[in-house]
Amino acid sequence: ERSEQRMAVRRRQRRGPGGGRALLAALLLLLVCVWGRAAAERVRYAIPEELGRGSLVGPLARDLGLSADELPARKLRLSEEKQYFSVNEENGNLYVNERLDREEMCGDSATCSVSFEALVHNPLNVFHVEVAIEDVNDNSPVFSKAVLDLEIGEWISPGARFPLEMARDEDAGSNSLLTYQLTSNPSFSLVMKESPDGRKQPELVLEKALDREKQSTFELVLTAVDGGDPARSGTVHVRINVTDANDNPPVFSKNLYEARVAENLSVGSLVLRVQATDADTGSNGRVSYSFSNVPDTIRALFTVDSNSGEVRTAGPLDFEEKNKYIFGREATDGGGLTTHCKAQIDITDENDNAPEVTILSLSSPVPEDAPTGTVVALLKVRDRDSGENGQVSCELSGEAPLSIVASSGGSYKVVTAGALDREQASEHRVTVVARDRGRPALWSSTELVLEVSDVNDNAPEFEEAAYSAYVAENNAAGALVLRVQARDADAGANGRVSYWLAGGSAGAAGAAALVSVEARSGALYAQRSLDYEQCREFTVAVRAQDGGSPARSSTATVRVFVLDRNDNAPRVLWPAAAAGEGPGGAAAPPFEVVPRSAEAGYLVAKVVAVDADAGRNAWLSYELVQASEPALFRVGLHSGEVRTARAVGERDAAKQRVVAVVKDHGQPALSATATLHVVLAESLQEALPELSERPAGAEAAEAAAELQFYLVLALALLSALLVLSVALAVLARLRRA
């Protein structure tokens, strides 16, 4: 039945006589929306209670200045603890998410509203939204008793008044203003008395004297009608018994009793003591106390001692739920006369609620190049206490470049207080501590974890700014020269390093002809065989580049030293192999004339030789290997000077042939020979006859040289056959395997 009455109320509010109020509510809603747009950070709406799920509250996105195209990117959402409302992601309208009962939500409070935050991202911002819940007349007046029993003595004079129980209406405003009606009876009438709280107290007025012998009882009906549209009503039966003399009702010492107690008072504690006196004697003067018409919530929290009138706690009191209770007290004597008073109990706040910290939004990860002051988190801090007990301060605990800034409506922003560096700390953990100002203070905390994402802010760094590499000449093409390595402190693609040739002593193109670098490993390889005699050293610039955008790079210098190998035999410069053309086209070797009077140590000639190698490979030594008179000549080991070992004798042949070998100090050593012809004569004229006999000796020398050539050729052929045989044997074995 109550549901049908509510449906009727809604239909009348939408059409018919209530159309004016609906139009007024629509205009009020429009004004609130316009005011909310101008307020920039606060939006207010007003809706009637009992709206169905899915009913439109207002165009929230439009009032926040968001267009339909912006909604997907801005991610509009709500942060309320109880989801009374929801927002449509497509059009941004605010809708009712569940049935709203004003009386259940706010009790008998004069105003009722729901506040929450609307969050938008990119950029992050918070707006405060308040929806006022307006009362509709969905509750009928209710009496606490089905029947009111009154006892009136027949001696009571006409005009006497008897207070009747007031009905209770859960609605607010004009919907809870009650008027009373009484069924017509010539002996009684109904008048209204203004109570201290502005409500009307119904009183029964005796219009004419009663005669118990004629009529001992009366049955009347008292009707309470509220001020709603349409009005609702409730009834109670009034049963009047006509009795003999009880002419003094109880009298309270005050019309209003007040008390102030702290919340969390233990059950059974004394709250208030009231007292009423009755001038009658006996049972007519015995007073009992009880509640006047009060809701069940009052009876659950307080009890009344019927004999003493003391009010004690029956349940826990909570300032945050309700800070004031006003209810009626009733005193009844033994004759049935009743009087009423009011009791007001104020609840004082105790610091019994710790602050609550809620993370509304967290932007994690945050790039490490985020500027100082970037908002990374939005927090909501709430303390249900009031006064200083509800005043909260927030701080961050932990080592991190973050700070917390107070915003409006109990919100806080966590912002960056300095530069972030992912390479030093990839995440930051801080504790948000909220502390109230109560005594003792209560506090709560929540951990905030902020991850830092990488940006390409570090260039690769080589282990060394300059490298040195040593490569022996005659190396194989593709031989490893050196491996360079650069490290990048960034992560992912930003820290992935590639290597390139950037130039060198011969430029990038010249360096590329000598060496190459592997892009991933940084290994340098020789492109061809190196020759110490052509290039003893060269430099290469290697560039390390990361994979970031834009890319960062650094350069290192590689200096390559070519090491010498003994690959060059000594070359004899003097005596030359042939100095001119002789008779018959034969080559005439050089000769030296030594006088026969030469003593020991006479300088005959000096063998001059050079070696293209370097170091020990170019150190030359000289040795006499063949001579016509071996005892006649000697050669300086390091100087190459050919001197006489003794004095020249008369018996010594006029023509002498001296052969010296020149060897280097390489491993293995390489050598060359030098042949020197010596004529023993006092003068050149004396030596000429000896030189004319040279062709015969030359032919013998040519024959010996030709024989030596064939011997060497035969030895080379035998060595080649041996190597070929071994190779064929190995191939045959591999093929069988």
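Positions of Cβ are set from backbone N, Cα and C atoms, glycine also.
Heads up, TrEMBL stuff is auto-annotated, nobody curated it.
Summarising the annotation, TrEMBL assigns signal peptide to 1-40.
Annotated domain 'Cadherin' per TrEMBL: 79-143 (among others), in sequence order.
Among the features that TrEMBL reports, domain 'Cadherin' is placed at 144-252 (among others).
Counting residues per DSSP class in helix, strand and coil order gives 10 helix, 48 strand, 47 coil for the domain 'Cadherin' (253-357). Residues or ranges marked as domain 'Cadherin' by TrEMBL: 253-357 (among others).
Positions annotated as domain 'Cadherin' by TrEMBL: 358-462 (among others).
Under the heading domain 'Cadherin', TrEMBL lists 463-572 (among others).
Look at TrEMBL and you will find 594-691 (among others) tagged as domain 'Cadherin'.
Per TrEMBL, the feature transmembrane segment maps to 709-732.
Only pairs six or more apart in sequence are counted, and the domain 'Cadherin' (79-143) with the domain 'Cadherin' (358-462) gives three or more Cβ pairs under 8 Å, enough to call it a contact. Taking DSSP states H, G and I as helix and E and B as strand, the domain 'Cadherin' (463-572) has 12 helix, 51 strand, 47 coil. Per-residue pLDDT, averaged over the domain 'Cadherin' (79-143), rounds to 85.
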